[in-house]
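Worksheet for the structure shown next.
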Amino acid sequence: MAAATKLLTSVFILYLSFAFQLFPSGNSELQSSFYGESCPRAEEIIKEEVIKLYNEHGNTAVSWLRNLFHDCVVKSCDASLLLETANGIKSEKDTSRSFGMRNFKYVATIKRALESHCPSTVSCADIVALSARDGIVMLGGPRVELKTGRRDSKQSYALDVESSIPNHNDSISAVLSRFGSMGLDTESTVALLGAHSVGRVHCVNLVGRLYPTVDPTLDPEYAGYLKARCPTPDPDPKSVLYSRNDRETPMILDNMYYKNVLEHKGLLSVDQQLASDPRTAPFVERMAADNGYFHQQFARAVVVLSENNPLIGEEGEVRRDCRYVNGN
């Protein structure tokens, strides 16, 4: 009996060993160091390129962060954002909600560096995630440990962009609901909006708070500054008319954003609502007082965002050119 049991155990172990060879765990979920064997220097190459590009074009770091948000909020973290309009595919980049996004051409720079080392191995979706991670560090933010193994979408979701991405003048309830559907709680949502600490906003998205009358929740002196930046109620979208999200530390991802909001200097309507809504105000106050706490919660939010419904295993593909589906 003991011999038979031992034989069955050996057969079962042999079966498991064979099964794991057929279906390795890396094919079923995101994991740390997904490219450890297939492209050992993948993450280091992306980091090197992000640093190089930051030194040449500082605003690329902001672009990487915005790319992650716009890609992951729409359906999945699958690099659908990067697809160009071609062969029946309408690009998400051509939608009004992608207004002002730039530096997409430098994604190709990172991809070329990876392809020269490991052809057709590292997905564009992981480039979006990891470039954002390294861009956050370049902006003085926290180091965020992200898993990899995402695959690239074979389609664009341009028709879903409008309903997926919260608008700058949405109610805070709508924003909390949208992020909540992706697993982000109120604390994480407040932290994620701290990304508004860096970058800029075009006057097209600001004039609603300035004309025909000034939003009474705006600090009067700050409103005067904004009107000087945006002198007409109908700015030309093609003109470079904008205001920095944060006048004090415009290229540093810090808690100055929350301090500004508490002083009624929130740039967008949704920013200012954070300070007045009882669900979010306590977190705003705590983040304004403690930059370390903000960074901790921001890192947590980025992890959740980056793992929103990724394509894995045999789903999707690994694009050779991030702008086009393979074969196009």
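In case you wondered, yes, glycine gets a Cβ from its N, Cα and C as well.
Positions annotated as signal peptide by TrEMBL: 1-19.
Look at TrEMBL and you will find 29-326 tagged as domain 'Plant heme peroxidase family profile'.
Look at TrEMBL and you will find CYS39-CYS118 (among others) tagged as disulfide bond.
Around HIS70 (active site, proton acceptor), a 10 Å sphere centred on its CB holds 21 further CB atoms from the protein chains shown. Look at TrEMBL and you will find HIS70 tagged as active site, proton acceptor.
Around CYS77 (disulfide bond), taking its Cβ as the centre, 27 other Cβ atoms fall within 10 Å, counting all chains. The annotation disulfide bond is assigned in TrEMBL to CYS72-CYS77 (among others).
The disulfide bond feature in TrEMBL is assigned to CYS124-CYS322 (among others). Its own atom aside, the Cβ of CYS322 (disulfide bond) has 21 Cβ atoms within 10 angstroms in the protein chains shown.
Look at TrEMBL and you will find CYS203-CYS230 (among others) tagged as disulfide bond. In sequence order, CYS203, LEU206, VAL207, LEU210, LEU241, SER243 constitute the residues six or more apart from CYS230 (disulfide bond) in its chain with CB-CB distances below 8 Å.
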#### Entry: Cα-proximity to CYS77 (disulfide bond), 10 Å cut-off, over recorded positions CYS39, HIS70, CYS118, CYS322
HIS70
### Task
Please tell me which one of the disulfide-bonded residues listed here (CYS39, CYS118, CYS124, CYS322) sits closest to CYS72 (disulfide bond), measuring Cα to Cα?
CYS124
### Message
What does the structure give for the C-alpha distance between HIS70 (active site, proton acceptor) and CYS39 (disulfide bond)? Integer Å is fine.
### Response
27
### Summary
Counting Cβ atoms within 10 Å of each Cβ, the densest environment among the disulfide-bonded residues CYS39, CYS72, CYS118, CYS124, CYS203 belongs to CYS124
#### Entry: Local confidence of the domain 'Plant heme peroxidase family profile' (29-326) - pLDDT mean
95
